[in-house]
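A.B. asks: Would you mind keeping the following structure in view while I ask a few things?
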């Protein structure tokens, strides 16, 4: 009897899965706007795909993947010293599965990016596809995933690696914009509270957070020089750390320059401190992909070394723990990649719940016009209650969308590629697929992204001075 009731309970969700987001999550968040609910569902789909990708890297799942007919043929073959190849399969099937899963997600979101171009309001028929038909969309993703597992390796893997590296680099820039937007919103909130209440308390809080970020940055730089450089080597790492440290100092000074403050009084050191930390994260991420193992210790080994330091003479060089070669079994997620996943999850969720009143992301067309945000919210909510119907998420996009549908899907497409590269540690297969290694292109992609991020942030500061005829308020 319980099973029958369970079937009928599940069947009651079928209409919701085939309709809009307002029905799908009506019991969970009854007062939520439709624009927010839809983005949260898409974010959940991407997070679910990320979780499945992580599971594919576990040793038990790799054993099951090797049983798939033909899956061990082609793809990532490994030939690493001190690692014995599996007699039944010498393909790194976990990485191969991650490539296929994120290929399906990227293709799905890219198709929706093209489909949702020029959607202006929820009255557009395509908006119904964006906000509803969840059963069919999830079924399409699963279908593409299943089909992708039968794509032969070889050239597909090489091409998709290049696509993934480029897409991940662009998503790194999007993460910067979202972090700047978050810091800007945080700063705006505190300034507003200063004007309403006791300004001394909020000034102290703002100063404390900013100081904390800069102190963390100084500590991180010190750790970089200690563990990622050597007196007689690691020249590239010394250059990366030094040049980015200088650039971060310059950016911080620019943010508080009188001319900048005159045109953008709300810009300040809080945003610059966030950018500094993110730039140092990108610097560290680049160094973790350096092929020279002596200049590339693992995060776990550094933490272990700090927690239990060995007694060494004062004039001796610190022994830097080196990274182990890529493991064939039980890879799962490296400690270095966990931080990247954490930043990704934060940016993804923030992009899903943010309001279009934040100006930084609006400039990159993530949001529509602010004038249509609250126009029909109260009226729609009232009608639902008067009709005696279950309260659902409010359709607040009848007069205009509150974010660019197409750009949101493009962001998710790039995020899929970023996850693919992160979970596979940006390892590159060689032409004959005999090994997977960290190579310099991945290092330069990341370090160049850090420079572009700083340049982009500086442009947001100086743009009002250069383009005087344009309104940046």
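Using the three backbone atoms N, Cα and C, a Cβ is placed for every residue, glycine included.
In case it's useful when we look at the structure, here is the feature table from TrEMBL:
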{"type": "TRANSMEM", "residues": "6-28", "note": "transmembrane segment"}
{"type": "TRANSMEM", "residues": "40-58", "note": "transmembrane segment"}
{"type": "TRANSMEM", "residues": "97-117", "note": "transmembrane segment"}
{"type": "TRANSMEM", "residues": "129-151", "note": "transmembrane segment"}
{"type": "TRANSMEM", "residues": "157-180", "note": "transmembrane segment"}
{"type": "TRANSMEM", "residues": "201-227", "note": "transmembrane segment"}
{"type": "TRANSMEM", "residues": "239-256", "note": "transmembrane segment"}
{"type": "TRANSMEM", "residues": "268-287", "note": "transmembrane segment"}
{"type": "TRANSMEM", "residues": "335-353", "note": "transmembrane segment"}
{"type": "TRANSMEM", "residues": "407-427", "note": "transmembrane segment"}
{"type": "TRANSMEM", "residues": "447-467", "note": "transmembrane segment"}
A.B. asks: Near the transmembrane segment (40-58), which same-chain residues lie under 8 Å Cβ to Cβ, leaving out any that are not at least 6 residues past its ends?
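C.D. replies: Same-chain contacts beyond the ends: 21, 24-25, 65, 94-95, 97-98, 101-102, 104-105, 134, 138, 141, 330-333, 341, 344-345, 348-349, 351-353, 408-409, 412, 415-416, 419-420, 423.
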A.B. asks: Near the transmembrane segment (335-353), which residues from the same chain, at least 6 beyond its ends, have a CB less than 8 A from one of its CBs?
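C.D. replies: Those are 36, 39-40, 42-43, 46-47, 50, 174-175, 178-179, 181-182, 278, 281, 285, 288, 298-300, 303, 361, 366, 408, 411, 415, 418-419, 422-423, 425, in sequence order.
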A.B. asks: Quick one: do the transmembrane segment (157-180) and the transmembrane segment (407-427) reach 3+ CB pairs under 8 Å, ignoring pairs fewer than 6 apart in sequence?
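C.D. replies: As far as Cβ distances go (cut-off 8 Å, pairs 6 or more apart), the transmembrane segment (157-180) and the transmembrane segment (407-427) touch.
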A.B. asks: With Cβ-Cβ distances below 8 Å as the criterion, list the same-chain residues six or more beyond the ends of the transmembrane segment (268-287) that contact it, or say none.
C.D. replies: 172, 175-176, 179-180, 182-184, 186-187, 206, 209-210, 213-214, 216-217, 220-221, 224, 228, 237, 240-241, 244, 247-248, 251-252, 255-256, 295-296, 336, 339-340, 343, 442-444, 446-447, 449-450, 453-454, 457
A.B. asks: Six or more residues beyond either end and a Cβ under 8 Å away: which residues meet both conditions relative to the transmembrane segment (239-256)?
C.D. replies: 217, 221, 224-225, 228-229, 267-269, 271-273, 275-276, 279-280, 283, 286-287, 447, 450-451, 454, 457-458, 461-462
A.B. asks: May I ask for the residues of the chain that lie six or more residues beyond the transmembrane segment (201-227) and have a Cβ under 8 Å from a Cβ within it?
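C.D. replies: Residues packing against the transmembrane segment (201-227) from afar: 187, 190-191, 193-194, 237-238, 241, 245, 248, 268-270, 273-274, 276-277, 280, 283-284, 287, 297, 302, 305, 318, 320-321.
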A.B. asks: Should anything in the same chain at least six residues away from the transmembrane segment (407-427) have a Cβ under 8 Å from its Cβ atoms, list it; otherwise answer none.
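C.D. replies: Answer is 39, 42-43, 46, 49-50, 53-54, 57, 95, 98-99, 102-103, 105-106, 109-110, 112-113, 116, 163-168, 170-172, 174, 289, 326, 333-334, 336-337, 340-341, 344, 348, 351, 364-366, 436-438, 442, 446.
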